[in-house]
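Following: one structure in structure tokens, then a few remarks.
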Amino acid sequence: IPALVATWSKVLLLQQTKLLKTGRLVFDPGQNTLMGLTKQYLSYVPAGNFNIIASTGCNVVFLSLEGQDGRFVGAAACEDVVVWDLRLGEKALVLPGDKHQVTCLAACPDKQHLAVGYRDGSVKVFNLKTGENTTVFSGHRADITCLVYDADGHRLVSGSKDTDIILWDVVAETGLHRLIGHKDSVTQITFMNQQNVLVSSSKDTLVKFWDLDTAHCFKTLVGHRSEVWGLCLMKEDKYLVTGCSDSELRVWDLQFKDTTNDNIENIDKLVTVDTETEKEGFLAEDQEEATDDTCPLRCIKYGSLLRSGRGRVVTLTSDPTGQVMACHGTENTVEVFHFLSDDAARIKVKKRIRKARKKTSGSETQPSEVPEPEAKLQLKDEVQRISVIKAGGKVKSVTVVMGKGYEIRVAVTLNSNEVELFTIEGFNKDSEFHCLRRITSQGHHSAVRAVAFSSDYLAMVSASLEAVKVWNRPSLACLRTVETGYVLSVCFVPGDRHILAGMKDGRMLIIDIAAGDILEEIPAHTKELWSLAIIPDLRGCVTGGGDATVKFWQFELIEDQANNSKAKVLSALHTRTLKLEESILAVKVSPNNSLIAVALLDSTVKIFFVDTLKFFISLYGHKLPVLCLDISYDSTLIVTGSADRNVKIWGMDFGDCHRSLFAHDDSITAIQFVPKTHHFFTCGKDGRVKQWDADSFDKILTLQ
């Protein structure tokens with residue numbers, strides 16, 4: 001027993017000595033004992049997002065702020081909602097969200113609230129005056145696909161990918177009914193103003209009518225052969241328009257049995273199809289759904305509107321009055337239709353009859369053989385096609401509003417991260433839509449490939465497939481936009497007055513931030529310029545390209561020959577070249593300016609001496625090419641991120657691998673040390689940003 005006690009005492013003393021050296025134990029002189037030290041890290045919380053004008057996975061809605069209609073639109077920006085002032089072209093309000101993406105928006109008729117649906121199935125109601133979240137509804141298990149208020153704004157209905165429809169009481173902040181019946185995602189919902197009825201469409205090809213008094217489906221419309229992507233009610237619930245995967249917009253005549261005698265007589269309309277009608281883009285049919293005598297609603301197919309666009313209907317919407325309808329497909333065109341009033345439709349019928357009689361009176365046929373023109377209303381008499389809107393890109397969402405003097409305003413969001421506002425005066429056939437405002441400068445229109453901070457951290461630069469943008473960090477506003485082309489790498493030049501940009505064609509651009517111009521285009525490489533790195537002495541930079549060369553550049557001030565001025569401008573002079581066997585994906589110079597690390601296409605990282613360019617060590621172990629690397633502030637550690645989803649931590653002295661971490665679920669695209677620490681961040685194509693400790697090999701946090 002004494003021998004065992006002596007052995008364990010030695011083991012315990014050795015462990016405490018080891019922990020004391022690593023800093024995990026601290027000596028307490030008051031208690032004369034060793035106590036454990038808790039490792040503490042800095043936490044990171046969202047501080048705002050930028051570069052997003054409108055997310056493509058959500059609709060856009062007109063909002064009323066400051067008592068003005070048609071000026072403000074609400075659009076999703078990832079998990080936030082941005083209200084854009086289309087007159088000034090800037091943000092008027094930002095409604096912050098949590099960690100889930102916004103999928104649907106709905107404006108309340110009281111013009112004071114906005115309902116927002118999220119990807120996790122929750123619905124939040126925001127006050128537009130204060131910007132505060134007033135109510136949260138949780139009842140769905142999947143993405144919210146549609147949200148609609150009733151005419152009074154007291155009830156809200158939500159549809160989801162979980163096939164359920166839930167009716168919410170906004171005043172009492174509670175759920176009223178869960179309507180179950182659809183077998184696929186709910187695509188569109190609308191309230192009937194004249195009846196306490198809800199109409200819903202789904203990807204299961206069905207349109208259902210729900211009685212909200214008894215919370216059950218009393219009629220199902222089965223006249224569609226493909227998914228019903230949208231619906232809207234027109235002319236005070238007289239017509240139902242549905243859009244499917246074809247180029248046809250089906251118009252259904254809705255008649256309740258307890259309506260007036262005039263409407264019952266209109267049920268028996270028989271509309272003939274003539275070639276002239278079909279040429280104008282209208283199809284009229286005599287098709288009635290098989291109805292039960294006990295059903296209070298009769299639904300007759302009144303005709304079809306032929307769209308000029310191809311592909312399925314993406315959005316089908318109407319203005320609050322039910323007179324103007326807008327729809328778009330998968331292309332860059334938006335079609336607008338106007339449903340005429342009954343008086344205007346009758347005038348159009350009289351003109352059509354008068355024109356037909358004049359045509360027959362001039363013909364050589366006998367009067368007995370001439371058919372009498374149809375005097376009843378047809379679809380082409382009640383619907384007028386307004387001019388087509390051609391947007392600047394692929395349209396993702398549309399909203400329409402009609403103002404005073406029959407001015408129609410249409411706001412569209414594009415696939416290229418833009419918002420456009422179009423307007424037209426009146427319903428004349430000759431008038432055309434013209435673009436009133438286009439919001440483009442507040443974001444890139446393609447994927448961002450590189451970002452960088454200035455030395456004082458007050459400015460940021462981002463580069464995409466078409467431009468380089470400079471941003472103010474405190475306000476997140478765009479300061480400069482320079483049209484460049486396909487940029488792969490970007491960094492600030494010491495002094496923060498210029499930017500270096502590496503292009504896909506191998507050029508290196510020197511950009512003047514103050515003027516917003518390109519000072520010089522240097523043909524640095526013959527293939528892609530994948531990586532740029534500033535030399536620690538701040539006198540030059542290093543570039544690595546797809547032509548298997550690493551080039552060293554020295555900054556110089558030369559005379560401005562283009563403007564013939566005495567002022568000198570920045571330029572870069574090529575000094576040395578390091579030729580290798582494989583394409584170079586990333587380069588980095590150690591902070592002590594003694595070593596340079598080069599990531600090659602053969603999945604290895606080679607380290608050379610900066611002064612002589614002689615080979616030092618090779619780091620091998622990744623199964624796929626290394627896409628990014630970084631060196632710690634004390635030049636003792638190097639971390640590499642690869643397409644094999646692993647991060648490896650190496651020692652710079654012997655090239656030994658300290659640890660290999662399975663970091664992400666997809667390729668690791670960027671890696672960087674936090675200054676003056678051994679903590680580093682990684683990000684990947686899996687949509688995650690993670691922080692790691694290179695000493696203890698622990699994962700500190702994950703940013704969604």
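From the backbone N, Cα and C atoms, a Cβ is placed for every residue, glycine too.
The region 'Disordered' annotation in TrEMBL covers 356-375.
Look at TrEMBL and you will find 95-136 (among others) tagged as repeat 'WD'. The average pLDDT the prediction assigns to the repeat 'WD' (95-136) is 93.
What TrEMBL lists as repeat 'WD' is 137-170 (among others). Counting only same-chain residues 6+ beyond the ends of the repeat 'WD' (137-170), those with a CB under 8 A from a CB of the stretch are 103-110, 113, 115, 117-119, 121-125, 176-180, 182-191, 193, 198, 200, 202, 210, 212, 215.
As a summary of secondary structure, the repeat 'WD' (179-220) carries 0 helix, 24 strand, 18 coil according to DSSP. Here TrEMBL flags 179-220 (among others) as repeat 'WD'.
According to TrEMBL, the repeat 'WD' annotation covers 221-262 (among others). Within its own chain, the repeat 'WD' (221-262) is flanked in space by residues 184, 187-188, 190, 192-195, 199, 201-209, 269, 283, 287, 289, 296-310, 312-318, 322-323, 325, 327, 339, 341, 379, 382-383, which lie at least six positions past its ends and keep a Cβ under 8 Å from the stretch.
The annotation repeat 'WD' is assigned in TrEMBL to 522-556 (among others). Under DSSP, the residues of the repeat 'WD' (522-556) split into helix, strand and coil as follows: 0 helix, 22 strand, 13 coil.
What TrEMBL records for 619-660 (among others) is repeat 'WD'. Same-chain residues lying 6+ beyond the ends of the repeat 'WD' (619-660) with a Cβ under 8 Å from its Cβ atoms: 585-586, 588-592, 594-595, 597, 599-607, 666-673, 675-678, 680, 682, 684, 692, 694, 697.
Residues or ranges marked as repeat 'WD' in TrEMBL: 661-702 (among others).
Panel annotation: around the repeat 'WD' (522-556), residues 488-491, 493-494, 500, 502-510, 570-593, 596, 598 of the same chain, lying at least six beyond its termini, place a Cβ under 8 Å from a Cβ of the stretch.
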